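Following: one structure in structure tokens, then a few remarks.
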Amino acid sequence: MASLCFQSPSKPISYFQPKSNPSPPLFAKVSVFRCRASVQTLVAVEPEPVFVSVKTFAPATVANLGPGFDFLGCAVDGLGDHVTLRVDPSVRAGEVSISEITGTTTKLSTNPLRNCAGIAAIATMKMLGIRSVGLSLDLHKGLPLGSGLGSSAASAAAAAVAVNEIFGRKLGSDQLVLAGLESEAKVSGYHADNIAPAIMGGFVLIRNYEPLDLKPLRFPSDKDLFFVLVSPDFEAPTKKMRAALPTEIPMVHHVWNSSQAAALVAAVLEGDAVMLGKALSSDKIVEPTRAPLIPGMEAVKKAALEAGAFGCTISGAGPTAVAVIDSEEKGQVIGEKMVEAFWKVGHLKSVASVKKLDNVGARLVNSVSR
């Protein structure tokens, strides 16, 4: 369960195809991935719904994990989004209607073609070949937008799994990730380091996109691993943070980051939280360009390490900072120091929590049979 570490004082100072870039910079997604994102029907016979309604949950995620930019991510326990999906005769067959959005934000569009959950739901329905049933969807946001915790991926994952469940679980996790990528391509780019762990749980390595090749990395269950998540009151839009990425990198930095990403994978498989933290904290390519855009981030990382964290970096595109430790009690102390640094140096109020790894991923919470 999550533990609130410390809260700083109040009053501080689908089917949308992104346009391809004829000359993509080093860190841009290759346009061929984007133009081939549209999903295809995978089920020969249209399945009938086995439930009248379902409720699903998908967890928050930490993408990049330092040197694993766009190809490593993990799910964290206790934070995420819920989707309630119903068979609705008033909705046109083969379509989805978003009835309600509640939670941390209500400013999201209820147009399913402009909503992460809606796009993923439509993509999943297309994969299943659903043409004779209409669905209505309620989205409860447990994650704020632009937090660096995979908010869009959580919505997409919960929606994709909800559609799959209501029609009898005909699709596998890799196929659901593809459906979720339809949504991610619209919001933040065609990369799976949030949506894959949101659906599959645990750590996930994205080895390839054409074809999609996902490698679950299992952290040993008998080893302790905790994430200290500190989210400041500051929005870091993914598109803005991606625009800050360098277009060229020195070969020595490429070699360094590659070795640290390999060390991080080894640390996960061995259950070595210390090495995991060191590798996570070692990025020389992405973090140095993004940290200056988040007030106080460099001081927050320093405070985390001085307080005993094994490592600290930016979660996803930020602004959330993530530190790694092997004890919940130590994590609470580290979180307090990180919050203080955000306040003193960045003049930002923030909230810290200590979370375990979520090894389950998106799942069914409850259902009503026909």
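Keep in mind that glycine also has a Cβ here, set from the backbone N, Cα and C atoms.
Swiss-Prot has this to say about the protein:
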- 1-34: transit peptide (TRANSIT)
- Leu143, Pro144, Leu145, Gly146, Ser147, Gly148, Leu149, Gly150, Ser151, Ser152, Ala153, Ala154: ATP binding site (BINDING)
Residue among the binding-site residues Leu143, Leu145, Leu149, Ala153 whose Cβ has the most other Cβ atoms within 10 Å: Ala153
Neighbour-count leader, CB within 10 A, binding-site residues: Ser147, Ser151: Ser151
Additional residues around ATP, ordered along the sequence, whose Cβ is within 8 Å of the centroid of Leu143, Pro144, Leu145, Gly146, Ser147, Gly148, Leu149, Gly150, Ser151, Ser152, Ala153, Ala154: Ala60, Gly316
Helix, strand or coil at Ala153 (ATP binding site) [DSSP, three-state]: helix
